[in-house]
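To start, the structure under review is shown below, and the notes come after it.
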Amino acid sequence: MNIDFSDPDFQYLAVDRKKLMKEQTAAFDGKKNCWVPDEKEGFASAEIQSSKGDEITVKIVADSSTRTVKKDDIQSMNPPKFEKLEDMANMTYLNEASVLYNLRSRYTSGLIYTYSGLFCIAVNPYRRLPIYTDSVIAKYRGKRKTEIPPHLFSVADNAYQNMVTDRENQSCLITGESGAGKTENTKKVIMYLAKVACAVKKKDEEASDKKEGSLEDQIIQANPVLEAYGNAKTTRNNNSSRFGKFIRIHFGPTGKIAGADIETYLLEKSRVTYQQSAERNYHIFYQICSNAIPELNDVMLVTPDSGLYSFINQGCLTVDNIDDVEEFKLCDEAFDILGFTKEEKQSMFKCTASILHMGEMKFKQRPREEQAESDGTAEAEKVAFLCGINAGDLLKALLKPKVKVGTEMVTKGQNMNQVVNSVGALAKSLYDRMFNWLVRRVNKTLDTKAKRNYYIGVLDIAGFEIFDFNSFEQLCINYTNERLQQFFNHHMFILEQEEYKKEGIAWEFIDFGMDLQMCIDLIEKPMGILSILEEECMFPKADDKSFQDKLYQNHMGKNRMFTKPGKPTRPNQGPAHFELHHYAGNVPYSITGWLEKNKDPINENVVALLGASKEPLVAELFKAPEEPAGGGKKKKGKSSAFQTISAVHRESLNKLMKNLYSTHPHFVRCIIPNELKQPGLVDAELVLHQLQCNGVLEGIRICRKGFPSRLIYSEFKQRYSILAPNAIPQGFVDGKTVSEKILAGLQMDPAEYRLGTTKVFFKAGVLGNLEEMRDERLSKIISMFQAHIRGYLIRKAYKKLQDQRIGLSVIQRNIRKWLVLRNWQWWKLYSKVKPLLSIARQEEEMKEQLKQMDKMKEDLAKTERIKKELEEQNVTLLEQKNDLFLQLQTLEDSMGDQEERVEKLIMQKADFESQIKELEERLLDEEDAAADLEGIKKKMEADNANLKKDIGDLENTLQKAEQDKAHKDNQISTLQGEISQQDEHIGKLNKEKKALEEANKKTSDSLQAEEDKCNHLNKLKAKLEQALDELEDNLEREKKVRGDVEKAKRKVEQDLKSTQENVEDLERVKRELEENVRRKEAEISSLNSKLEDEQNLVSQLQRKIKELQARIEELEEELEAERNARAKVEKQRAELNRELEELGERLDEAGGATSAQIELNKKREAELLKIRRDLEEASLQHEAQISALRKKHQDAANEMADQVDQLQKVKSKLEKDKKDLKREMDDLESQMTHNMKNKGCSEKVMKQFESQMSDLNARLEDSQRSINELQSQKSRLQAENSDLTRQLEDAEHRVSVLSKEKSQLSSQLEDARRSLEEETRARSKLQNEVRNMHADMDAIREQLEEEQESKSDVQRQLSKANNEIQQWRSKFESEGANRTEELEDQKRKLLGKLSEAEQTTEAANAKCSALEKAKSRLQQELEDMSIEVDRANASVNQMEKKQRAFDKTTAEWQAKVNSLQSELENSQKESRGYSAELYRIKASIEEYQDSIGALRRENKNLADEIHDLTDQLSEGGRSTHELDKARRRLEMEKEELQAALEEAEGALEQEEAKVMRAQLEIATVRNEIDKRIQEKEEEFDNTRRNHQRALESMQASLEAEAKGKADAMRIKKKLEQDINELEVALDASNRGKAEMEKTVKRYQQQIREMQTSIEEEQRQRDEARESYNMAERRCTLMSGEVEELRAALEQAERARKASDNELADANDRVNELTSQVSSVQGQKRKLEGDINAMQTDLDEMHGELKGADERCKKAMADAARLADELRAEQDHSNQVEKVRKNLESQVKEFQIRLDEAEASSLKGGKKMIQKLESRVHELEAELDNEQRRHAETQKNMRKADRRLKELAFQADEDRKNQERLQELIDKLNAKIKTFKRQVEEAEEIAAINLAKYRKAQHELEEAEERADTADSTLQKFRAKSRSSVSVQRSSVSVSASN
């Protein structure tokens, strides 16, 4: 880079090399110098002092303080040679600290531009720098990036050069947050392009005195105008653009500017009437109040004081560094340069001033009226004057606007708030329209009509904003920035890497985590924020609260980008309703007023008034939109009446993104250095945040790793083959080979480039080096070429001099000879006689020549006349030819249009057919729903009849109860006086109560309650009154239930009636649509026939036109030949004239005739005669040719006239057809209007439905949209009817193709019917299989009950064994050591029984292996069934596709769908039955688990007893040899028993897993229909947690094992010190070591099996999910589900049988073990050496059993979730039971009262008591019946409600299914990755534990070697152990505790 640093232009662009050398030579230690995090500076420079583990002590360079930081927090520091680096992609260490330091160091040195790979970073300097002058522009023009310091001009020049060389549109995206300097950089880019590519000025333009500037000046001066009207002061930026603009600068073929245009986006209109305290309105308001141009004050009627106007005095009035006076003058000058007239300027200023006066209009409320009135008219008159309207009309339109009610206009009163809002809306609308007009006017000036080839677009959009109060405008701005950032990320990170993959380059995809699509989808997708806002704007009663509720309902908790706002972090922060997570930060938004802002309402009366304004500009701004011409095309999308602000912004933003994607982008990232707007100050945290959000580091990384420069092979070969000409082989070679040879010839490093499929890719900077090499080679070649050219020119001049020299010598020689001959007399005579030889007969010849000349003149005139006629005819023919050619071209164009339209019509027809099919399917669904409702209605009517009957019975019962109550009241009055006598009769009452208990056992509980209540007779009266009150309450409740049932009945009847009416309307609409379709098909067929005829005519015309063209070409050739002949004759005539003149001269000189002259004259005469004859023949030929041409022309003219007549006839015929079609279209449109009205009625009726009919609403709305689309298509057809005649060939071809397809589809329909019949037969077969499954399930239930009984027997036997053990223990403790011999005998018996148990264990193992084989076989069968299900799904899918292709099969499909629906309901019922059975199976499994737990506890108790017994047996002093033998034998028996128990438990767990899988499969069928995808996510979360817990439990067990090994090592070390106490323990350790090895191997095998089972379960879940997703979309998949159920039931049956066999075996084992317990005491002496090993093994067994229990419980968690619904039903039944018990208690109280009455009145006798008792029983029975009926009624009501809710939610779930499935797939993929990562971590942990175990094993082996040395002391230990029993007992207890 050759830079003159003394040049002042580079002071703020490049660092002085002398200063930089000092900085680059500073001391540096790469191992010590580093960056550490710092709260204030972001990162601080430090030196590493020491390190300890993950913590490092560093010394801060700035203050010499020390600090301890983590190793991961330290970032590497670049060497000093990278100081103030211009391109950060060249850094050695790329990290945040280095980037921040480089930017800060350059910024503090005044260098604001830095390259960052492919884009440029610009830091706001907050001051003016002299780096944008013309001299700087000249220095950057045409320079490469590496030749000159970083600058914005370099980016602009690069874009310009790319446009010129690559012939591709370019764009400069200048992005950043608000206040980062985007607007200023945009102006500099435009200025640079205007200077570099300025067009050549004309002299007359330079000499003119007009104020209009050149095109470049106009482009530059457009910015001040737009800034005045579109920029304002905000809290972060004094000159913030409150609108977005995309400036396109167009260039011509030569690279010169050919024009420009500006597109604007989203002007912030709300700022016109409201600003925050620290902000300002738009600059133009303060400029017109600055008194900069005093003469305008009178025009605008403004006072030069901005504080007087309420619209602009809400914030600050002045801004630092902005002079409103000077800015207004610049703005006025810019208007002049842009060509605005004085009238246009004044009109704009008037409109601007009128907005100020609108803000001063005052209104007040009339007392006691809802009407406002004007509080003064001065400001209104000013507004009216400036806008050119009447003040009274303006006030009237504001205060009393007219609204249309029906067909009449009614005056509406406005209150004060409404009027003020209307004025504000008018001001905002006026300003918005004026701004848009200003942009259009500027574009008109910048449009030069010159030829445009390419353009460079410069984008300046309002930056990302986070204010204290963020509203709708901030959402739109931030949404735009989100899209632009996504474009940057996609272009930089995604497209770049995708191109590598596409080109076949070896590249590993890098995910930078910069995808913003989730946030964008949240805003713009259907049911996103903007979509919900637009939907709410269409509802008249919608408000901010309803909008907020919809947002929360759709997104809160469902999208992590949408959250509730946190607590305000700033004191001035306004209230917020939700918070979005944007790429630049979290922004809280307030939705207050969003609906009004989005609808942008305005008073239509004022609009109409302003449209008729006297001011031309105001009238133009508010003129009514022009109606489209009749038959013209209508715009797609919403009409202008419904075009909301969000929809317009989204449409314009999509257009902008489309433009950007079509260009080659260049990015400039603007950075805010600090919030204080101070130059030279860098806020590290703020800058780092912007770098992270903008993807700066990621952009640098991909620039360094990737290959940003690329060229296609042809361009590379053409441009760089000059560098290696010898490397290119001769002949044809493909571009890739040539490029590879060129690169090889240049000896380039292969790491610097890659060869793709079509392009060659280079690392950053490599292409610049190639350009430099090319320039050097070109300079050498040019120098050689210049040398060759100069040599050639010199040689050519030398040769010319030689030729001149030869010519001079020849001339000199001839002159010398002439000088010799000139005095010779014979020469003189010769020279005199020679002229006289040709003078003979000159006069005669002259006369003849004159005659010939006259004749030739006549012929020539005649020929000229004929020539003119022919030329005129030729011109006429050419014109006709051109007309015909134009007509042909028009016909061809219209044919192309018609072809497209025919294709669209065919597609539309297909769409309509599919829509009709969908409507028919929906009608079928609705008919099914109506049928269901009819059944429900009938059932409810029957229930109502029963209820009426029951209510009548209850009323009779209540009447009787009331009579009884009156009677009982009388009795109570008598009882109150006799309470004291009741104590004597208590015994008698008790005896009678016992007799009643014997008589009726059912009332035993109630009699017991009566005995209890007899003790509280003093409370009898209150209790009886309470019972009566409860009866009355029950009666009221029953009445209320009856009323509710009646209401529900009436409502259901009404709903059913309206549904039937809707169905009838839909059927009628369907029939009409079918009739229209048939009519249209007939019309199309007629049109096709017409088109065929006209096609033949057109083909004939085309052939004739081609013949005429050939004839015309022949005529043109003949005319050309005639012209050539005429020219030849003219030339001959001129030569003859010249010869005649020469003859005349010679005759004059000769004066006489000689014989020679006479002979010569004869020859001349003969020649003249010959010439004359030739002329006559030529004239005759010409005349013949002319006559032939005339004839041909006449024939051609006649043919053309005939063709024109035929075309006129065709035209008239087509116009007639057009009128007929138009009339038919009008009829069809009227019919569609009628259909629309019917549809509206249907919608009104449908809105009356409850939530169960919401799916009908959605479908009807779809139908309405399809009808609207049909209408729009019809309107387009009206405009396109005139061009239908030109679609003949394609229409004919398509008709033939359609006929073929129709025949093919008809054959496919027959195949589909046959396959459907086969499917029906298969379905019936499956139904039979399901019935068989029911029978199998009953058998399974019975077997489970039997297993439960056997389990209870086992438990009883175990309890008996425990009792026996306790007895033996107590007996042993009493008898002591005297029973040792008996224990030995019993031990031998126990050994025999243990051998038998070993045999049973082997048998159990064999059974387990058989079960495993059965499991694998069942798994294979399950996979086969899933394949069959997939095949069935595919066939059903194919049949559904075929079904949609035909209308004729609709009725057949309806019947089939109805049958499928009934089958689906039956399957659902069966599924519910299966679920109930599975609940019972689950209960049995829980009981099994309890029994297993009991067995485990019993096992532990036995082990404890053995432990105690061995402790006691240690006192016996038996021999070590016998103990060793017994220990080994028992150890083997224990291992075998434990293995058998583990295998049995594993088999049981497998069977439980099988049962659970079957249960989950059946439950998933119902859950998939009810709960859909959410349930699946919960299942996968549970599965993930279960697997995680399982892995954790295995890890814990391994860790516990390692810990146990460590404890064992400590114990061994302690026992080595005391060898006498360690002999038995060492043997146990040796045995324990072998056991541990086996245990570890077993654990490893279990881990592998667990992993395999996890993967297998995951695969099975994926397969099940796929099948269930298919079941959701197609009801016919129920056949596949039934097959799965059958397979599951068969598997459950096999599992049940296997478990039954295993249970029987287990029972046998338990019986054997129970019989063996009696012999345990005899074997206690030989169990002493096994205590420690058995205790360890038992602990491990317990750990494994606990893990198995946990896994089983986790597997049961899903089943427990399914039981929640059953529990809810049980709770409800409990409540009903409570009510029943209350009634029973009342009956009991009646019984007590009867007893008391009987006791108190002995006179009544037993007859009265019996009568009362019978009455009580009757009441009790009636109450029970009533409660039962009430419960049935409630159950039926719940079923009906559940069915209605299912119908309501089904449609919504189907619509959302696809999106949820996609999200679920993504989530599941992420979860699978997480699971894999967790499994890998678990494997690593297992490997670590295995290493620990091996280490422990090694230590154990060493301990064994040491133990061998202790054998010599074994005899001493035996003698010592016999003498000291107490020492042995203590040692054994210590080892047992360890």
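The backbone N, Cα and C atoms fix where each Cβ goes, glycine too.
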Quick one: sort out which of 64-83, 1344-1363 is the region 'Disordered' according to Swiss-Prot.
-> 1344-1363
Given ranges 359-380, 557-578, 623-644, 1041-1062, the stretch to which Swiss-Prot attaches the annotation region 'Disordered' | 1041-1062
If you take the centroid of the Cβ atoms of GLY176, GLU177, SER178, GLY179, ALA180, GLY181, LYS182, THR183, the listed ATP site, which other residues of that chain have their Cβ within 8 Å of it?
-> ASN124, ASN237, SER240, GLY463, CYS670, ILE672
Please list residues from the chain of GLY179 (ATP binding site) whose Cβ is under 8 angstroms from its Cβ, counting only those at least six apart in sequence.
-> ASN124, THR234, ARG236, ASN237, SER240, GLY463, ILE672, LYS677
Sequence-ordered list of residues in the chain of SER178 (ATP binding site) that lie 6 or more positions away and have a Cβ within less than 8 Å of its Cβ, or none, is THR234, ARG236, ASN237, SER240, ALA462, GLY463, PHE464, GLU465
Spatial neighbours, same chain, of THR183 (ATP binding site) - Cβ under 8 Å, 6+ residues apart | GLU227, ASN231, ASN239, SER240, SER241, ASP460
Does LYS182 (ATP binding site) have same-chain partners at least 6 apart in sequence with Cβ under 8 Å from its own Cβ, and which are they?
-> ILE174, THR175, GLY176, SER241, ASP460, ILE461, GLY463, CYS670
Rounded mean pLDDT within the domain 'Myosin N-terminal SH3-like' (29-79) lands at 89
DSSP three-state assignment (helix, strand or coil) for GLY179 (ATP binding site) | coil
Cβ packing number for GLU177 (ATP binding site), 10 Å threshold | 24
What counts of helix, strand and coil residues does DSSP assign across the compositional bias 'Basic and acidic residues' (1041-1058)?
-> 18 helix, 0 strand, 0 coil
Within 10 A of the CB of GLY181 (ATP binding site), the number of other CB atoms across every chain shown is 24
